[in-house]
Amino acid sequence: MAHSDPSRMIDRFTHNVGCLENKNDDARQLTGPSRVSHEAPRQSHGKPPELPTLFAEIVFVVVCSVGQLLFAIVLANTLVNQITLIDALGLAGSKSPWLIGSFCLANGVSVVVSGSLADLTNPKWLTVGALVWLTVWNLIGIFSITPSRIVLHFVVRAMIGLAVGMIQSTAVSMLGRIYKPGQRKTIVFSSMAAMIPLGFGVGALQGGAFSAHLHWVFGSTAIVCALCTVAAYWAVPTLPPSSGLASEATLSIKDFDYLGAAVSVGGCGLLIFGLTQGAPTHWTPYTYTLVIVGVLLLVAFYFVERWVSRPLIDGRLWKTPGMVWLLISYFLGYGSFNGAWMFYAVRFFLTIQDKPPIIAALYFIPLAISGTVATVVVAKTLHVLPGHYILICSMIAFALGPAFFLPQTSDTTYWELSLPGVIPVAFGPEMSFEAASIFVTSNVLKSSQCSAGGLLVTMQNLSSTIKIRALLLLGAK
């Protein structure tokens, strides 16, 4: 990859994350796998005209960052309370991965669907509606922590995942429309990136503090969501639907790919449900049927997207050299971190070392600190290392976490092996995201970069669910 001035590279990165610039630039498709355009983007350092005051801008950015923050918070407060929740719900051990899987599955599917919705509608009302939805379902979650309401509990987690996914996609759409390339946009997206490690630390402490009063995990989250709803209603500006290509008429909700959305949701849902139910039912015929039908629907989704005029996932993505291999590595790496290491590392502390939830939460505070440091370090090295080297380093970081846990026993102290494993593994998600961003901004058409970003988020969330199930099945053998 050609070396370039770091400030210009970061500007190009944040410019493309918004992925809503003039799409006539598709004619300037980059053909080489590692080429980066040297055309300087337009600079804009002032406050966007859509936001009346600096205070309104700060509140707006906070609202846009809430999706990332809540994603990490929900994962963390569930992880540290997984054993407590199993006891409170009377949950069979084989079904415990659904505590996270239901959230991640719904979130991953929602990101693909809601990204297109945000482009075709006024994103303000999607954001406000999603936050209201979150508030309501967290309130319902207060009353779902009993064995007789176990189904309701999983529905609550899925509904929360849907809303968080919508907020994540809508935030990217709004920021891309409002901010032009420049230092201000760089700061905004850097702030969003820092929300994942920060949210994990906050969520772990929240879950540990309320482990004896689980209903307050939902209650405190509902309060935060209600406050964010008020802030979003006040601070988020009204924006028209995103414009399409110059040859297209003005886009509207009528252009949404309803068929593709239905097929993708059905395929992912049936596939994950079949895999999850396989072990508890000893792979009865109906579980095989669910998996087969799910796979067939995903195959059908590929052909549907080639047929519709405005697909959820642009078919040209699959023709981009290296895109498939990037998705595979991203799927395996992030799934190993989020769906395997985090889930079972917390369980190791809770069950093998018999630590209370609050202590397990404190053990992962260095992960939040290291992840925040990783955000700064990776940003400084973007112009030094080619993207594929960054991706390789991220895979090594993903592997270091489990490697430090392999020799541990119930008597191993936290300072001996756990802490040395927690610190480097935090670089995995950050470096893999940056490597994927470099690839997308260097090789994918600008009009397809929203689809590519949504597909990456979907892959990371679905991989978490699938990896948990795969390792649980492996352990059962």
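Cβ from N, Cα, C; glycine included.
Unlike curated records, TrEMBL annotations are generated automatically.
Per TrEMBL, the features are as follows:
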DOMAIN    60-477  domain 'Major facilitator superfamily (MFS) profile'
REGION    23-48  region 'Disordered'
TRANSMEM  54-76  transmembrane segment
TRANSMEM  96-118  transmembrane segment
TRANSMEM  125-145  transmembrane segment
TRANSMEM  151-175  transmembrane segment
TRANSMEM  187-210  transmembrane segment
TRANSMEM  216-236  transmembrane segment
TRANSMEM  256-274  transmembrane segment
TRANSMEM  286-304  transmembrane segment
TRANSMEM  324-346  transmembrane segment
TRANSMEM  358-377  transmembrane segment
TRANSMEM  389-406  transmembrane segment
Inquiry  = Do any residues, 6 or more residues outside the transmembrane segment (151-175), come within under 8 Å Cβ-to-Cβ of it, and if so which ones?
reply    = 17-20, 63-68, 70-71, 74, 78, 89, 98-99, 102-111, 114-115, 117-119, 123-124, 126-127, 130-131, 133-134, 137-138, 140-141, 144-145, 185, 188-189, 192, 218, 236, 239, 242, 450, 453-454, 457, 461
Inquiry  = Same chain only, please: residues at least 6 beyond the ends of the transmembrane segment (125-145) with a C-beta under 8 Å from a C-beta of the stretch. Say none if there are none.
reply    = 63, 66, 70, 85, 88-89, 114, 117-118, 152-153, 156-157, 159-160, 162-164, 166-167, 170-171, 174, 214-215, 218-219, 221-222, 225-226, 228-229, 232-233, 236
Local confidence of the domain 'Major facilitator superfamily (MFS) profile' (60-477) - pLDDT mean = 83
Key: Result, the transmembrane segment (216-236) in contact with the transmembrane segment (96-118) (3+ CB pairs under 8 Å)   = no
Message = Under 8 Å for C-beta pairs, could you tell me which stretch among 54-76, 256-274, 286-304, 324-346, 358-377 has the largest tally with the transmembrane segment (389-406)?
response = 324-346
